[in-house]
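Residues or ranges marked as active site, proton donor/acceptor by TrEMBL: His131. Summarising the annotation, TrEMBL assigns active site, proton donor to Lys135. Residues or ranges marked as NAD(+) binding site by TrEMBL: Gly8, Ser9, Glu10, Gly11, Ala12, Met13, Gly74, Thr75, Thr76, Thr98, Gly99, Asn100, Thr101. Per TrEMBL, (S)-2,3,4,5-tetrahydrodipicolinate binding site is recorded for His132, Gly141, Thr142. Per TrEMBL, the feature domain 'Dihydrodipicolinate reductase N-terminal' maps to 3-100. Residues or ranges marked as domain 'Dihydrodipicolinate reductase C-terminal' in TrEMBL: 104-240.
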Amino acid sequence: MAQIGIIGSEGAMGHALARVIEDAGHTLSGGIDRGGDAAALADASDVLVDFSAPQALDANLHAAIGAGVPLVIGTTGLEDRHHAAIDEAARAVAVLQTGNTSLGVTLLAHLVREAAARLGPDWDVEIMEMHHRRKVDAPSGTALLLGEAAAAGRGIDLAAHAERGRDGHTGARQEGAIGFAALRGGTVAGEHSVILAGEEERLTLSHSAENRSIFARGAIRAAEWLIGRAPGRYSMDEVLGL
Ligand SMILES: NC(=O)C1=CN([C@@H]2O[C@H](COP(=O)(O)OP(=O)(O)OC[C@H]3O[C@@H](n4cnc5c(N)ncnc54)[C@H](OP(=O)(O)O)[C@@H]3O)[C@@H](O)[C@H]2O)C=CC1
Ligand SMILES: O=C(O)C1=N[C@H](C(=O)O)C[C@H](O)C1
């Protein structure tokens, strides 16, 4: 039984998390949104779960370190400087950051890495995602996570090979590129496809989220797993034993 604090508590994920916390027999120690006191929430919690916005990250890391509590970060749209701050914080507390807390996507990343490695550079990798009309960041955190998996399979650096936001006279596709396309509309919880396109054949690896409860369950499982862990940056692979 843990005291779990939610950052982004009035958001779509915040509500999904609160339901899972109750179902799992944990206690909601509190919740904050924009302008809330992360330090006070951390003091009242065994673990923090953040599904809010990148602008909240520094205060959340500071609060987690101050109270000595672990932190699950599901917020997407993070930039290199955010990841550097997470690495730094992980020297003091246990932190898990991922663009997708679901079991299906965590496994999919392994399959993508394997397919990209085995099929080799003649197969073009394109990543397509669709989300609800409210989503503010693109490509999604999951699309980027899957892009990293494909890049790892190819032994290349994603940042140097990503083709994002094609529009107009773009020229031909660069050899070895990993392309991204983002669609937005309606209430879609999360659709991701990784397409490996070769000569006269295509392989598509896909995941569909039917609702947010899969993300909330994964995040609470991660929160349970982090409590009592030594400082460090952990992954969903470790939580799920994949
Ligand atoms: N890793 C994963 O598996 C998943 C990740 N996500 C990510 O989680 C995040 C939240 O998604 P979702 O719930 O749909 O978004 P919502 O917009 O529904 O909710 C976001 C919440 O965060 C709050 N918030 C905004 N800024 C701050 C801040 N500076 N400090 C504290 N709280 C703040 C908002 O409060 P206010 O209204 O006051 O601004 C709002 O209540 C997104 O980045 C999304 O991509 C979503 C699903 C799964
Ligand atoms: O904003 C969302 O809703 C989601 N965000 C995450 C992402 O950016 O990949 C995870 C999931 O796809 C839903």
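Glycine is no exception: its Cβ is also placed from the backbone N, Cα and C atoms.
For ligand 1, the nearby binding-site residues are Gly8, Thr76; that is, of Gly8, Thr76, His132, Thr142, these have a C-beta under 6 Å from one of its atoms. Taken residue by residue with DSSP, the residue listed as 'active site, proton donor/acceptor' is part of a strand.
Summarising the environment of Glu10 (NAD(+) binding site), the number of other Cβ atoms within 10 Å of its Cβ, over all protein chains shown, is 14. For the recorded site, Ala12 (NAD(+) binding site), the DSSP three-state label reads helix. Proximity of the recorded positions Gly8, Ala12, Gly74, Thr76, Lys135, Thr142 to ligand 2, judged by a Cβ distance under 6 angstroms to any of its atoms, singles out Thr76, Lys135, Thr142 in sequence order. Sequence-distant contacts of Thr142 ((S)-2,3,4,5-tetrahydrodipicolinate binding site), defined as residues of its own chain at least six apart whose C-beta falls under 8 angstroms from its C-beta, comprise Thr76, Gly99, Asn100, Val105, Glu129, Gly190, His192, His207. Apart from His132, Gly141, Thr142, the (S)-2,3,4,5-tetrahydrodipicolinate site neighbourhood in this chain, defined by C-beta within 8 angstroms of the site C-beta centre, holds Thr76, Gly99, Asn100, Glu129, His131, Lys135, Asp137, Ser140, Ala143, Gly190, His192. Local packing around the binding-site residues Thr76, Thr101 was summarised as the count of other Cβ atoms within 10 Å of each Cβ; on this measure the leading residue is Thr101. Highest local Cβ density among the binding-site residues Gly74, Gly141 belongs to Gly74, counted as other Cβ atoms within 10 Å over all protein chains shown. When the recorded positions His131, His132, Lys135 are compared by the number of other CB atoms within 10 angstroms of each CB, His132 has the fewest. The shortest Cα-Cα distance between Gly74 (NAD(+) binding site) and any of the recorded positions His131, His132, Lys135, Gly141 is the one to Gly141.
The Cα of Thr101 (NAD(+) binding site) lies closest to that of Gly141, out of the recorded positions His131, His132, Lys135, Gly141.
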